Amino acid sequence: MATEQLNVLKALDVAKTQLYHFKAVVIAGMGFFTDAYDLFCIALVTKLLGRIYYTDPALNEPGHLPANVSAAVNGVALCGTLAGQLFFGWLGDKLGRKSVYGFTLILMVLCSIASGLSFGHEAKGVMGTLCFFRFWLGFGVGGDYPLSATIMSEYANKKTRGTFIAAVFAMQGFGILFGTIVTIIVSSAFRHAFPAPPFYIDAAASIGPEADYVWRIIVMFGTIPAALTYYWRMKMPETARYTALIAGNTKQATSDMSKVLNKEISEENVQGERATGDTWGLFSRQFMKRHGVHLLATTSTWFLLDVAFYSQNLFQKDIFTKIGWIPPAKTMNALEELYRIARAQALIALCGTVPGYWFTVAFIDIIGRFWIQLMGFTMMTIFMLAIAIPYDYLVKPGHHTGFVVLYGLTFFFANFGPNSTTFIVPAEIFPARLRSTCHGISAATGKAGAIIGAFGFLYASQDQKKPETGYSRGIGMRNALFVLAGTNFLGLLFSLLVPESKGKSLEELSKENVGDDDTIVPTGV
């Protein structure tokens, strides 16, 4: 039997956009700002770590991280993120969104600082402790995905819900850009304070003892904005949908939202209302009947997106080196190389990554989730093929601009596309008591794809004839780009399963007010 939507939830659905919406975006968004900074800043400093801890004076090349160490340093935080998404996603439905929201932020801040303070000066000790703390950093980051998305979706009105969830996620773009800016500033300051010759002139002096401070400062710096928002996270009331539909306390939900909306919702308005009586759980027959296809859609598309997105993002520096946009390592000192890597990645972030996120914010509630995701995967496939087919031509001197433009466009349409929508949709289409869990499962499946991208692309892109030291032969960069294009095309096909959630209430989307005996009408496009 269908039941009436609670009045307090109706009030949220039709509430005008006001200050509390923007406060929620900033509070939740600062977590994502830190998430992105922490996950992607390591890609900026891995070449510096290789020079500091693995340079052999007897060799004529700057040191680089061994294959297994590089894979671990780049991938261990993603493994922690996967575990955190599953654990905190489940915990958010059991204990409440707010109850565990502050803990994830504390964990991120502490582990980010601990990563920068990794013990010792020897490679084994530093890399071991760095990987240990980055795993737990990732664990905290993972919790922020389902909790931030669920909190924002349950606070927002149905007209602009997509815009606000997208705005939270768009802070990730600023986090990536901020990481490059911090790296440029810190490396420039140290370069001018402690001048060093290029590697080919003096291998030992090209590194300098001060370089060990540089990467540690960069790794720790992103904690500052997140730490400043901790107090406000703790002041947020629990979402009305958790309090009313899961905890069953409609009176408390009404009281909390009256304060948030600055509008009196009289208790007489909620008398006789009750939370949904559904008790079926995850993977039950009823769940599979209503949401099985939805879960397949959100997990598969997020998985395929992250294979391509993270392989490109984490290894931009390697791609830029191979196309000649960054000079040979031996012609630079350690901090100059770091500066040039950060400058190149800042350009991509500024021209492709950040605008893509905010185009989604602007158009998500106009075009809709389904069409933006479909368009994004389509354009990513096209631009990846546009790079891969003439790759040998684009990497030649004088043609690098074309490569960078096409490469930037793939990031633009990743973010004005599936990188944003795969985050938004799982927070809208599942029932309240399983919403955080299902978002966590979807996000964790995505991180499984990111791990494959992070580990697999590093090995697969190795030259077929002359791989880098410590690596076996791969299929080459050009063929690896073809594989990523194929991955994007599969994402396009699975996107056809994604329902459109624009302009509908969460209860309508999740069929929360529909009893087991009612006919289930597909959400559809």
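Cβ atoms are placed via backbone N, Cα and C, with glycine included.
According to TrEMBL, the domain 'Major facilitator superfamily (MFS) profile' annotation covers 24-503.
Annotated transmembrane segment per TrEMBL: 20-45 (among others), in sequence order. Using a Cβ-Cβ cut-off under 8 Å and counting only residues 6 or more beyond its ends in the same chain, the transmembrane segment (20-45) has close neighbours at 73-74, 77-78, 81, 104-105, 108-109, 112, 134, 137-138, 141, 144-145, 148, 151-152, 155-157, 160, 164, 167-176, 178-180, 182-183, 214-215, 218-219, 221-223, 225-226, 228-229, 232-233, 236, 260-261, 313-317, 338, 341-342, 345.
Look at TrEMBL and you will find 65-88 (among others) tagged as transmembrane segment.
Look at TrEMBL and you will find 100-119 (among others) tagged as transmembrane segment.
The transmembrane segment annotation in TrEMBL covers 164-190 (among others).
TrEMBL lists 213-232 (among others) with the feature transmembrane segment.
If you look up TrEMBL, you'll see 346-364 (among others) marked as transmembrane segment. Here the transmembrane segment (346-364) has Cβ contacts under 8 Å with residues 162-163, 166-167, 169-170, 172-174, 176-177, 180-181, 184, 316, 372, 404, 407-417, 419-421, 424, 502 of the same chain, all six or more residues outside its ends.
Under the heading transmembrane segment, TrEMBL lists 370-391 (among others).
Annotated transmembrane segment per TrEMBL: 403-427 (among others), in sequence order. Remote same-chain residues near the transmembrane segment (403-427) are listed as 145-146, 149-150, 152-153, 162, 165-166, 169-170, 173, 297-298, 301-302, 305, 308-309, 312-313, 319, 323, 325, 347-348, 351-357, 359-360, 363-364, 369, 372-373, 375-377, 379-380, 383-384, 386-387, 394-395, 435, 438-439, 442-443, 446, 491, 495, 498-499, 501 (criterion: CB distance under 8 Å, separation of at least six residues from the stretch ends).
Sequence annotations record features per position, and here TrEMBL assigns transmembrane segment to 439-460 (among others).
Annotation comment: TrEMBL describes 480-498 (among others) as transmembrane segment.
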Looking at the stretches 100-119, 164-190, 480-498, which one shares the most CB pairs under 8 Å with the transmembrane segment (65-88)?
100-119
Of the listed stretches (100-119, 164-190, 370-391, 439-460, 480-498), which one yields the highest count of Cβ-Cβ distances below 8 Å with the transmembrane segment (213-232)?
100-119
Name the range, of those listed as 100-119, 370-391, 439-460, that has the largest tally of Cβ pairs under 8 Å with the transmembrane segment (480-498).
370-391
Give residue numbers and ranges for long-range contacts of the transmembrane segment (100-119): same chain, 6 or more residues beyond its ends, CB-CB under 8 A.
31, 34-35, 38, 84, 88, 91-92, 125-127, 129-130, 133-134, 136-137, 139-141, 143-144, 147, 151, 215-217, 219-220, 222-223, 226-227, 229-230, 233-234, 236
